[in-house]
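To start, the structure itself, in structure tokens.
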């Protein structure tokens, strides 16, 4: 006797294909798909919005995965050239001894993780590392210091300003993550030539107190505001695998989407559990959730660079390809502060395998892929010009 249930997947696939065909007829332009869960008739995918409804973002996040990836890939092509990925290098210029209680961090002085507190590095070794990173193909060099804030560190801050000026002079993008900043410190970094400042929100406002108590959510938003007001690009994202739920990942994206300007960069970190921290026994986040987060961020914040950051070493090449298909267009290559990253040789093989191309420094996101397509001469025009 034939089991009729065996035919259900095929029937469902047929319905999906028919629905996609109808959607193509209704919206033939490949760069502006009508999202199936966009509740507002006034908006379409690719619109830059700061008035997102959290429920709308939740609906985007929870739609069928392949439909979500397709939708995100379509939005990605409006503002970014597919296959272009930026290589970034992150260097720890001041390790350990941080007074914060971030539950995931090996550099907190409150936990016994084996990470020893060190002094701020001198100028020369940092510049030499930046040169090595540039020679290896990185176009953005990020410097991290395990500090709660920059206050009261005038000599150290002056040294960092010198680092920024030197690396900027090498033709690289320069990013720092130094903890909380005042408006005056942000202006000083801008004057030195800083490209971007990283200050993650980490998770949703609701779940945040479960992870960190030594610094408030609004403290983080205040630093982001100071950075933006100084004219520095904002790099802000989160960490997946902290014990949060899907709604918290949605909440993170929602918070950032409501800023006066979307972050220039949205880094997505997958928690690497570190022995000695309160989260040492956390189960690694499923890759599907990473893909969903990347794709949702791409739809909600179309112009932002979505960066795959910590935890990428846990992903297979195919899983990383799925992330790129979903809208990720930057990676960190090499060591990630106190955790292992993907070696540069492996990334070179990854680029070759998937046909990826490295992004230029200061590649202009305003020079959208859609504009390039529209500006390019048609085959008929090319024939006429010949």
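Just so it is clear, glycine is given a Cβ too, placed from its N, Cα and C backbone atoms.
TrEMBL lists 142, 235, 307 as binding [2Fe-2S] cluster, and of 105, 175 the one it places in that same site is 175.
Other residues of the same chain near the [2Fe-2S] cluster site, with their Cβ within 8 Å of the Cβ centroid of 142, 175, 235, 307, are 88, 90, 140, 177, 196, 198, 265, 267.
Between the CA atoms of residue 175 ([2Fe-2S] cluster binding site) and residue 105 ([4Fe-4S] cluster binding site) there is a gap of 20 Å, rounded to the nearest whole number. Shown for the compositional bias 'Basic and acidic residues' (40-49): DSSP residue counts in helix, strand and coil, namely 0 helix, 0 strand, 10 coil.
The binding-site residues listed here are 98, 102, 175; among them, 175 has the most other Cβ atoms within 10 Å of its own Cβ. Long-range C-beta contacts of residue 142 ([2Fe-2S] cluster binding site), restricted to its own chain and to partners at least six residues apart, with a cutoff below 8 Å, comprise 88, 89, 90, 91, 174, 175, 176, 177, 198, 332.
When the alpha carbons of residue 307 ([2Fe-2S] cluster binding site) and residue 105 ([4Fe-4S] cluster binding site) are compared, the span between them is 20 angstrom.
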